[in-house]
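S.K.: My questions will all concern the structure given below.
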Amino acid sequence: MNPKSPLFLRLSDRLDVYLRLMRADKPIGTLLLLWPTYWALWLASDGIPDLAVLAAFTIGTFLMRSAGCVINDFADRDFDGAVERTKNRPFAQGRVKKKEALLLTAFLCLLAALCLIPLNHLTWLMSLPALFLALTYPFTKRFFPIPQLYLGLAFSFGIPMAFAAVAGNVPPQAWILFAANVLWTLAYDTVYAMADKEDDLKIGIKTSAVTFGRYDIAAVMLCHGGFTLLMAVLGAVIGAAWAYWTAIPIVLLLQYRQYAAIKSRVRQICFETFLANNRIGWVWFTAIFAHTFFAK
């Protein structure tokens, strides 16, 4: 195909728009979804997850995160132009139609559903509330004072699904990990919301940063503390090997550094601090991986 032909240019433009809607160039959301899913897969499988299951969750997570981003932009299409961080998104620039976004969301969800084929029926069943949470989260910002808590539920459903896929049931430790991840998500996404706080106040969007007001930093650190405490409880429940416990001082140090950074409430620093949570996810995965290795 001639790269200068109108058809090629049209297809290239649509592909660029769709990839931007999916945040394909910003993998942080996928990583923050994958880490807790991997924690669960490694714990449930004693460190040896089936490759087909691992691939299904990895690809499915990417696809559902992408679908969530598209429906989020659809839901926020009337607001993104007024927010500094989102003013260049496709809807804000008038580059995409509502029908396109909805069809792209449906297509991505269909592809994600295909990832369930090698998994058991319990996992299929648990995918239904996961899908509901993922697709409805963006609309909670209109009426729910802490939509980041709702996002925490959506971002944590990979945990019971992973246990269901590997073990055929969802044991108590899965729900401890679920609760821990809800708190972690609430912590880092409140920091994310702090970057947009001034704009959100102007347009009337509800976020945890707006709801917590001047206590936003205290709320973030309380959630971080609860997250780490529950990870310690999880370690006690599973009889974690010594390697697991090395994560706690490292994570506490990373959390303190986040506290020191967000005290300024500077927009860019808050955004960079949000990105830094990827390190916490990696540290805990390394600790769980090491636990399963040394526990054998």
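Placement of Cβ uses the backbone N, Cα and C atoms for every residue, glycine included.
Here the structure is a predicted model, which means the values were calculated and not measured.
Straight from Swiss-Prot, here's the annotation block:
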- 28-48: transmembrane segment (TRANSMEM)
- 51-71: transmembrane segment (TRANSMEM)
- 102-122: transmembrane segment (TRANSMEM)
- 143-163: transmembrane segment (TRANSMEM)
- 174-194: transmembrane segment (TRANSMEM)
- 212-232: transmembrane segment (TRANSMEM)
- 233-253: transmembrane segment (TRANSMEM)
- 274-294: transmembrane segment (TRANSMEM)
S.K.: Quick one: find which recorded stretch in 51-71, 102-122, 174-194, 212-232, 233-253 has the most Cβ pairs under 8 Å with the transmembrane segment (143-163).
M.R.: 174-194
S.K.: So what's near the transmembrane segment (274-294) in sequence-distant terms, Cβ-Cβ under 8 Å and 6+ beyond its ends?
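M.R.: Counting only partners 6 or more residues beyond its ends, the transmembrane segment (274-294) has Cβ contacts under 8 Å with 28, 31-32, 34-36, 38-39, 42-43, 46-48, 184, 187-189, 191-192, 195, 231, 235, 238, 240-247, 250-251, 254-255, 257-258, 261.
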S.K.: As a test: from 102-122, 174-194, 212-232, 233-253, pick the stretch that has the greatest number of Cβ pairs under 8 Å with the transmembrane segment (28-48).
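M.R.: The stretch with the most close Cβ contacts to the transmembrane segment (28-48) is 174-194.
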S.K.: Checking distant contacts: for the transmembrane segment (212-232), what same-chain residues at least six beyond its ends satisfy Cβ-Cβ under 8 A?
M.R.: 176-177, 179-181, 183-184, 186-187, 190-191, 194, 197, 247-248, 251-252, 255, 258-259, 262-263, 265, 284
S.K.: Hey, which bits of the same chain come close to the transmembrane segment (51-71), Cβ under 8 Å, at least six residues off its ends?
M.R.: 21-24, 29-30, 33-34, 37, 41, 45, 101, 104-105, 108-109, 111-112, 115-119, 130-131, 134-135, 137-138, 154, 158, 161-162, 165-166
